[in-house]
Amino acid sequence: MAAQKKKAQDEYGAASITILEGLEAVRKRPGMYIGSTGERGLHHLIWEVVDNAVDEAMAGYATTVNVVLLEDGGVEVADDGRGIPVATHASGIPTVDVVMTQLHAGGKFDSDAYAISGGLHGVGVSVVNALSTRLEVEIKRDGYEWSQVYEKSEPLGLKQGAPTKKTGSTVRFWADPAVFETTEYDFETVARRLQEMAFLNKGLTINLTDERVTQDEVVDEVVSDVAEAPKSASERAAESTAPHKVKSRTFHYPGGLVDFVKHINRTKNAIHSSIVDFSGKGTGHEVEIAMQWNAGYSESVHTFANTINTHEGGTHEEGFRSALTSVVNKYAKDRKLLKDKDPNLTGDDIREGLAAVISVKVSEPQFEGQTKTKLGNTEVKSFVQKVCNEQLTHWFEANPTDAKVVVNKAVSSAQARIAARKARELVRRKSATDIGGLPGKLADCRSTDPRKSELYVVEGDSAGGSAKSGRDSMFQAILPLRGKIINVEKARIDRVLKNTEVQAIITALGTGIHDEFDIGKLRYHKIVLMADADVDGQHISTLLLTLLFRFMRPLIENGHVFLAQPPLYKLKWQRSDPEFAYSDRERDGLLEAGLKAGKKINKEDGIQRYKGLGEMDAKELWETTMDPSVRVLRQVTLDDAAAADELFSILMGEDVDARRSFITRNAKDVRFLDV
């Protein structure tokens with residue numbers, strides 16, 4: 001995208017807006033349009049409005065997008081594009097009202113207005129209006145400022161304001177709390193998405209501001225043992241009228257995808273200095289790719305179509321993979337880096353340690369599924385494959401030193417793959433000697449229905465023993481682990497598969513790993529990681545999550561992985577049943593409530609702090625952590641694969657400074673990280 005705004009040669013006006021249907025169904029079934037009414041659906045409202053602004057940038061008419069999380073819970077999105085049309089539409093009402101009140105009304109249906117766009121522009125913004133209590137629009141176009149307000153989706157009347165030579169649109173909305181489970185936006189979630197959009201649109205500036213940071217939320221560090229004197233009424237009044245503190249971030253990447261790859265690899269050791277960067281254009285198609293190999297063992301390839309994150313890949317990724325595998329094998333054979341008698345390197349061998357971003361722009365995209373996470377255009381595969389064949393061949397020929405390093409890494413990966421295959425076969429042979437082909441230490445459940453079955457992966461033999469005794473053996477299976485499993489972030493697959501604990505987990509789940517993974521063979525639809533509530537327990541949980549993320553990611557993507565929440569405290573009352581607390585705050589609350597109710601706590605061991613799961617007997621473990629009617633399970637989600645990839649690299653990788661910096665920044669944040 002050129003940083004300079006394109007002249008509005010193409011007509012984007014009332015005639016460009018096409019209506020397909022009305023808004024009636026949105027409030028009745030919001031999930032059909034935004035996925036859910038939870039936190040994810042709430043943030044989807046922002047994405048819809050931001051997509052509009054970014055589409056103006058993609059078309060060459062906007063250079064800056066400003067997003068503000070307003071103090072009162074609303075959101076403001078502004079761009080310096082052409083402005084939403086205000087002229088009277090063929091339907092007899094102002095065009096802005098058509099865009100805001102009619103579903104499937106937008107300029108994206110008119111190829112003259114937008115050659116390429118992410119999703120159908122007018123669709124999203126009308127859905128935002130339908131699911132908001134109030135929406136305000138301010139427009140600069142046709143020589144004037146214009147404004148319109150929508151109360152419960154109904155327009156109050158378009159107003160013409162002062163003359164102006166500027167152009168652009170500003171949309172403010174307040175999500176309806178009667179529709180959404182929460183109306184609180186997460187700053188980091190918004191920041192990650194906007195950063196992604198800035199990477200994908202070279203030269204675009206996106207500013208994010210959060211006005212919700214008030215004086216009460218600012219905590220100063222304690223620098224002495226002497227507390228400050230209480231503030232006077234006048235001082236407090238002055239503070240309340242002072243401007244609120246805000247936090248803001250600006251995203252601007254002149255290098256575009258090259259900067260994106262640098263960002264992905266910043267916590268990893270690149271094995272060649274230059275970043276491979278190329279693009280190509282065809283009829284109705286464009287592709288841009290940036291890539292660089294690192295010394296790690298995990299592939300980190302992220303794909304986008306019209307700036308939409310295609311988590312499930314699609315034809316653009318297929319074309320890239322096919323070309324990369326072909327080019328590297330040909331180069332390796334031609335340069336005798338691979339002997340003629342040697343088998344070809346596989347795609348997995350070549351992509352080990354690869355960080356890449358693939359961005360295509362398609363005039364008529366076909367997305368598979370409602371969530372638009374897989375690109376289906378068959379012609380895109382051959383287009384991307386052709387461009388990649390030409391450009392990658394040129395890069396390998398022009399950079400023989402770097403090319404040799406890449407090929408040698410792939411050859412080393414192939415050797416590890418062969419060793420891993422032998423390790424897999426060993427796992428299978430070993431499994432066959434166990435009863436039913438399952439690990440000997442697995443206490444399986446009686447149910448044969450995976451949908452009703454749960455597997456508890458438990459830290460330590462002692463806790464495993466209590467879990468086996470306390471479980472409901474009809475549907476709960478127990479797999480105890482002895483000590484810490486291998487850190488898969490720092491080990492190649494052949495070493496990983498030699499680890500006894502990893503073998504037991506893979507065999508128990510039944511799905512296989514990597515290219516052999518088959519979710520249809522999953523033996524338990526709930527996989528519960530149960531570890532001590534201390535630092536060691538959290539480390540073991542992270543090791544397990546890293547294994548699942550790197551080797552069996554669809555388990556997380558399909559919502560099968562959970563974290564158990566064992567209690568931290570047991571309160572023993574005299575002449576009353578004991579109570580369990582899962583945090584210091586809950587302990588204090590239960591204690592205060594009990595004492596107010598006239599209960600008496602045991603004097604000697606009234607409050608017991610559990611140091612580990614092994615301290616609980618079978619009955620306590622069932623009552624607090626395993627009984628479906630009372631237990632607390634945290635589902636592990638994967639909202640952003642790139643962010644999760646970065647998180648695991650920081651927490652479990654080789655870069656000590658990056659890990660220390662992350663821990664320092666997040667030490668005060670006691671919320672769980674949804675990875």
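Note: Cβ is positioned from N, Cα and C throughout, glycine not excepted.
Features of the protein shown, as given by Swiss-Prot:
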- Glu459, Asp532: Mg(2+) 1 binding site (BINDING)
- Asp532, Asp534: Mg(2+) 2 binding site (BINDING)
- 453-567: domain 'Toprim' (DOMAIN)
- Lys484: site 'Interaction with DNA' (SITE)
- Asn487: site 'Interaction with DNA' (SITE)
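Candidate recorded positions: Asn487, Asp532. Fewest other C-beta atoms within 10 angstroms, Asn487. Secondary structure at Asp532 (Mg(2+) 1 binding site), as computed by DSSP, is coil. For the domain 'Toprim' (453-567), the number of residues in each DSSP class (helix H, G, I; strand E, B; coil) is 57 helix, 21 strand, 37 coil.
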